[in-house]
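The structure under discussion appears below in the form of structure tokens.
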Amino acid sequence: MFLNVLTHSPLALLCCQNGAVPVEPVKKDENSRRGNWGNQIEFVLTSVGYAVGLGNVWRFPYLCYRNGGGAFMFPYFIMLVFCGIPLFFLELSFGQFTSLGCLGVWKVSPMFKGVGYGMMVVSTYIGIYYNVVICIAFYYFFMSMTNLLPWTYCNNPWNTPDCTGVMGTPRTNATFANVSAVVSGLTEIVNRTKRTSPSEEYWRNYVLNVSDGIGNFGEVRLPILGCLAVSWIVVFLCLIRGVKSSGKVVYFTATFPYVVLTILFIRGITLEGAISGIKYYLTPQWEKILDAKVWGDAASQIFYSLGCAWGGLITMASYNKFHNNCFRDSIIISVTNCGTSVYAGFVIFSILGFMANHLGVDVSEVADHGPGLAFVAYPEALTLLPISPLWSLLFFFMLILLGLGTQFCLLETLVTAVVDEIGTDWIMKNKTYVTLGVAIVGFLLGVPLTTQAGIYWLLLMDNYAASFSLVVVSCIMCICIMYVYGHKNYFKDVEMMLGFPPPLFFRICWRYVSPFIITFILIFTVIQYKPITYNDYVYPRWSLVIGFAMALSSVICIPIYALFKIAMSEGSTFLERLKNSVKPDPDWGPALQEHRKGRYATAGPESVEVCPLKEELKDEGKEKLKEKEMEKKDEMGLTIPGSNGSTLNPTPSA
């Protein structure tokens, strides 16, 4: 009975030194000061939620049909294997090794800390406009709580004479002849002018009430502003305890979208005309394989879809336990992300095929991309389904969850960077206040996007703030790790962390293939550049200058901080200062002392006790080993059992 009490008491935990496993293990964080994920499933689900976002639903299907249908899959998966997964693994291992966010990890080479600041700037831009998209999804979700979707017919105050509803126009006392006259009149309008759907006019004239230009802000759309507040409140509450709370929320937010996708897929393929939509989606046009634009789109989609260079992957991995197998995680998450894109394509095009069949047009005439697919084409298709409000609720609820999964990580990236940079015990304990502050600032910066000119600014940020700057940041990150810090050093770090070296394929990709593909994406982006437009609206030059300024604001952090660090480094000449500025910081390496082995082991008795290497023990000689054993025996003999919680007398005491 005494033994049973002892093994279940707190004293049992104190008697386990040097990594010994207690009789009954107690769940606790490996990094008690910073915290860890509750379990590995939470990390994987959070990463899936981060990588699988709105772009999987509206951008991938559009790129697929624009670039040869099924033929696009070939370059897409090639880019996944040679660029997507290697970069994903690189960022996960980078953050996990040091248990630091996107700023702290640059202790590896302090001169490149500007890359971390660039990641923060990009995450800030994306976090601002991404939450506006989520808030619009919230608005549509609330508006779907009705018997009749408000964008079904053309008899609303916001509709124009050009509006042509696929459902006709409801009239309470209309005769069959009147209805026929209306239909024939609508047909004449369709033949004379380009059709404007009620969903498009609802989106443009009512939800956004778009102004005539980007410089005319007009008034704040109060319903959108209210939904933006709701969105930020939800994000804050889910992150109120950092990864401890968000890790629990993702069990729902990361998995339920797949339930909704499956429900919509089953409903979609049972509709008339759905097969034609799926055929259009999958039918390969092999002649487009030789088009460089197809490969460029595939590489860009993989790069942006996985969230590389945003800082989120580094941040999430920093909360892993040191020996977690992030290699396995990177493959699981990357494949899941791309598989979701393909699956979402089936869902979208089954509905678009049904819509094309209903209208008697080709699928290409109803397909759209970006917000147009999410808030115009798909909502219109939903009006054709029986019990349309139910399907609308499900669809927009799915969009909300997909957006929140990404937004959680964007906000956590900024919060973690601030907390790690300050690094005091007070800021660690009061991280909630930092989260609240970042959420409030994000909400205030998002207010201009809820005005009548908001859609212009949202698209400007989407096309410039998070475009080629991400490619530049990612490329410099690869150069720093592989060529400045040294690929051999990094391979040894990964081996120390995982227990095995990175596979040869990944070592080749990190050093040669991935940087080449990143450079290709950058060149492709520059060559294929076209000034942004919104429908028929052409952005003025001054707005494009602002767009380029936003893009450069993240990249410019890199040379500015590099020059600052060189100037502040020790040395009498520029070369000496440059050399000292790229040397790893003394604190670079694993965060916990028990993991600082080999060249990271610090001088002193603690490091020897924590990690005695066999080679080192042999070099010390048998005499020193005997002396240490004698000293330990003497100490154990003098120690009162359990008196200080450090050791227990091994001799039975009755």
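Positions of Cβ are set from backbone N, Cα and C atoms, glycine also.
A disulfide bond in TrEMBL ties Cys154 to one cysteine from Cys135, Cys163, and that cysteine is Cys163. Where the transmembrane segment (390-411) meets the stretches 115-142, 432-458, 464-485, the count of C-beta pairs under 8 angstroms peaks at 115-142. When each of 73-94, 115-142, 302-319, 331-356, 505-529 is scored by its Cβ pairs under 8 Å to the transmembrane segment (464-485), the top-ranked stretch turns out to be 505-529. Spatially close to Ser305 (Na(+) 1 binding site) yet at least six residues away along the chain are Ala51, Gly53, Gly55, Asn56, Arg59, Phe60, Asn337, Cys338, Ser341, judged by Cβ distances under 8 angstroms. Checked against Leu402 (Na(+) 1 binding site) by C-alpha proximity, the recorded positions Gly49, Cys154, Cys163 yield Gly49 as the nearest. In sequence order, Val48, Tyr50, Gly53, Gly55, Leu306, Thr340, Ser341, Thr406 are the same-chain residues whose CB sits within 8 A of the CB centroid of Ala51, Val52, Asn56, Ser305, Asn337, Leu402, the residues recorded for Na(+) 1 being left out. When each of 43-61, 73-94, 432-458, 505-529, 541-564 is checked for Cβ pairs under 8 Å to the transmembrane segment (222-243), 432-458 comes out on top. Here the transmembrane segment (255-282) has Cβ contacts under 8 Å with residues 45, 52, 61, 64-65, 69-70, 340, 343-358, 363-364, 385, 391, 394-395, 397-398, 401-402, 405 of the same chain, all six or more residues outside its ends. Taking CA atoms as the reference points, Gly49 (Na(+) 2 binding site) and Cys154 (disulfide bond) are 37 Å apart. The transmembrane segment (302-319) and the transmembrane segment (43-61) are in contact, since at least 3 Cβ pairs between them lie under 8 Å (pairs 6 or more apart in sequence).
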